[in-house]
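To keep things clear, I will list the structure first and then write my remarks on it.
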Ligand SMILES: O=C(CO)COP(=O)(O)O
């Protein structure tokens, strides 16, 4: 990661197309940040926007959500954008809950859908 403030991007599988589109649409603003992402989401964002500074951590179900949570706890995340799939049960639901809880504990902006992410990103950009 660089010295730029970090935005965390995460999307559940059925939301990954939406995340790739979100990244493409907002590439100019996102380029002012370093991006941290869970593994598969990070790969999709890299494919969509090869110019962005993206660090892809572990896949969410394999610890990636917890890695992002640890970054939040150590002050390394400015905004968490997490496109949650509201209709699919997740085997790692406890990790998802722990991550969103930490975003609340550390009072960082948290967008769980695009309608929230866009005004937050505009405010930061
Ligand atoms: O499962 C996730 C978040 O809970 C996302 O992980 P991936 O980006 O690795 O698919």
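Each residue, glycine too, has its Cβ placed from N, Cα and C.
Positions annotated as active site, proton donor/acceptor by TrEMBL: 65. All protein chains shown were included, and the count of other CB atoms within 10 Å of the CB of residue 65 (active site, proton donor/acceptor) stands at 27.
Residue environment of residue 40 (substrate binding site) contains 19 other Cβ atoms, counted within 10 Å of its Cβ in all protein chains. DSSP gives residue 40 (substrate binding site) a helix state. Look at TrEMBL and you will find 12, 16, 38, 39, 40, 41, 59, 60, 92 tagged as substrate binding site.
The domain 'MGS-like' annotation in TrEMBL covers 1-125.
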Cβ within 8 Å of the substrate site centroid (12, 16, 38, 39, 40, 41, 59, 60, 92 excluded): which residues?
10, 11, 13, 37, 61, 64, 65
DSSP-derived helix, strand and coil totals, residue by residue, for the domain 'MGS-like' (1-125):
64 helix, 20 strand, 41 coil
So if I draw a 10 Å sphere around the Cβ of residue 12 (substrate binding site), how many other Cβ atoms end up inside it?
21
Site diameter for substrate, Å, by largest Cα distance between 12, 16, 38, 39, 40, 41, 59, 60, 92:
17
Do any residues at least six apart in sequence from residue 38 (substrate binding site), in the same chain, have a Cβ closer than 8 Å to its Cβ, and if so which, in order?
10, 56, 57, 58, 59, 60, 64, 65, 67, 68
